[in-house]
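Only one structure is covered here, and it is reproduced in the block below.
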Amino acid sequence: MNKQTILRIAKYISICFLTVFIAAIMLGGGLFLYYVSNAPALSESKLVATTSSKIYDNNDELIADLGSERRVNAQANEIPTDLVNAIVSIEDHRFFNHRGIDTIRILGATLRNLRGGGGLQGASTLTQQLIKLTYFSTSTSDQTLSRKAQEAWLAVQLEQKATKQEILTYYINKVYMSNGNYGMQTAAQSYYGKDLKDLSIPQLALLAGMPQAPNQYDPYSHPEAAQERRNLVLSEMKGQGYITAEQYEKAINTPITDGLQSLKSANSYPPYMDNYLKEVIDQVEQETGYNLLTTGMEVYTNVDSKVQQRLWDIYNTDEYVNYPDDELQVASTIVDVTDGKVIAQLGARHQSSNVSFGINQAVETNRDWGSTMKPITDYAPALEYGVYDSTASIVHDSPYNYPGTSTPVYNWDKSYFGNITLQYALQQSRNVPAVETLEKVGLDRAKTFLNGLGIDYPSIHYANAISSNTTESDKKYGASSEKMAAAYAAFANGGIYPKPMYINKIVFSDGSSKEFSDSGTRAMKETTAYMMTDMMKTVLAYGTGRGAYLPWLPQAGKTGTSNYTDDEIENYIKNTGYVAPDEMFVGYTRKYSMAVWTGYSNRLTPIVGDGFYVAAKVYRSMMTYLSEDDHPGDWTM
């Protein structure tokens, strides 16, 4: 092949590449123009304001007006340089050099996402974040090419119309800062009793780091996470040359509580609604991608205000339950068994009215639900998969080791009943038959069955026959009152599992609306659900759940008690009597399912004596209120 031929081939290839390149640019440009043609118009009023969201109960009565609580806007000349440096350090290093979009950041994020297989994440400038907060959903599923194009287009437009100082001011006044505070000046006054200009570098660094996850980095509810985030901001400030090494060392060694004052209540709603509203906020964001704290909307929920108020009264007075002390905690969830509507939920006793959307133990999975796991992990799968054919099947309560080990399984009383019926094993909450049943079912089948009831483990073990303990308890894995109430609802509802639903309708600011409901999915055969209910009726009438029994009300349920390890008892508990870290009761009627957890915030503070009866009594008091004027009747096949 001569030199001229090679040159012709090279020229041909170059022309082809150039043609493809030009075509790609034209196609991309056309697609970009199509996307941005549907972008909303820039509006200073929207950049400045945060419209409040109104929340209604299941009778369409207003229960909260969120977003209207506190707002003190900072003027541009009131914003300290250290705050600006902190914000750009953690959010947008090249903020003062780009014009709305950062091509270097886009290329870096693209390479990271290609390596990690992720979506269009990590490339947003501070200007784009402001646009997103003002106009768009923050849901990961909504980070589409169309949305990204519109976001970039509006960011470039905003940079042409506003100065960098104005954009920063919009952002500083726009962001949600937890506990009902909107804008960093509002947070400064609420948390420190000072204006922004009077705060120290570590205090400003904390505020600068909060907007990405304001409730998670709340220094009152999550001081450790807040300190970690603050220190990351300080590290970035040092790396960018905004503070010296000496200033950095001094700042990171400043306690996160330095200067914090007691919170004053800013809530426009009663304290008994706080936990429920937190879950409403989360579900709205899961379903729509919008944060109702920064996006105006009307949300219609499933909470029954009267039931929620009664649950609060049961927790916080001695009129219904005699508590052993003020420190014993309770967390519970009540769902409608037919559609999963959460009609009431409360995560603690004696909650502070000064904290908004704090930890809600009712949805946390960090405590062990003990023997309440037996119906859903062991016995229901055994009936479903034909391991046992009736409630009268014989099981063995005799010396037995966890499969594949030399570790014995003990019953709570360290004794054995011999051959007993399946019903009696569940009624008396015997551990040995439960673990042996799980072995017969098989771990894989049990895990699949649990998944159908909304419960999962990173990996399931034979110990999970009588425990919900898991290596990861981040609400995804393990059990909570929310998860257990919904799981047991499937027994009450003929085997149909309903997803817990807090919201039923949203009306957006543009007048459009969306309804939310869950028709449920079949988790087990109707016969399985009926046999499980038949067995668990005897738990209340004759077994471990007699404290929840109401002779006039057809209901079923299961008690649960977790255990300390021998090491914990020897080194920490040092109590020779019967003690436990957690006591639970999960029960249901044909209409409602309720799960109750009791225990101390410090797990090493044991439940003793009468404390073991609190969970059943809370359930009994609530079910009496729910059913005495609305008798749900009995189950039939």
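Placement of Cβ uses the backbone N, Cα and C atoms for every residue, glycine included.
Here is what Swiss-Prot says about this protein:
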type: REGION; residues: 62-224; note: region 'Transglycosylase'
type: ACT_SITE; residues: E91; note: active site, proton donor
type: REGION; residues: 298-612; note: region 'Transpeptidase'
type: ACT_SITE; residues: S371; note: active site, acyl-ester intermediate
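Looking at the residue listed as 'active site, acyl-ester intermediate' and E91 (active site, proton donor), their Cα atoms lie 47 Å from each other.
Sequence-distant neighbours of E91 (active site, proton donor): residues of the same chain at least 6 apart with a C-beta under 8 Å from its C-beta are L126, Q129, A208. DSSP assigns the residue listed as 'active site, acyl-ester intermediate' to a helical segment in the three-state reduction. For S371 (active site, acyl-ester intermediate), the number of other Cβ atoms no farther than 10 Å from its own Cβ, over all displayed protein chains, is 25.
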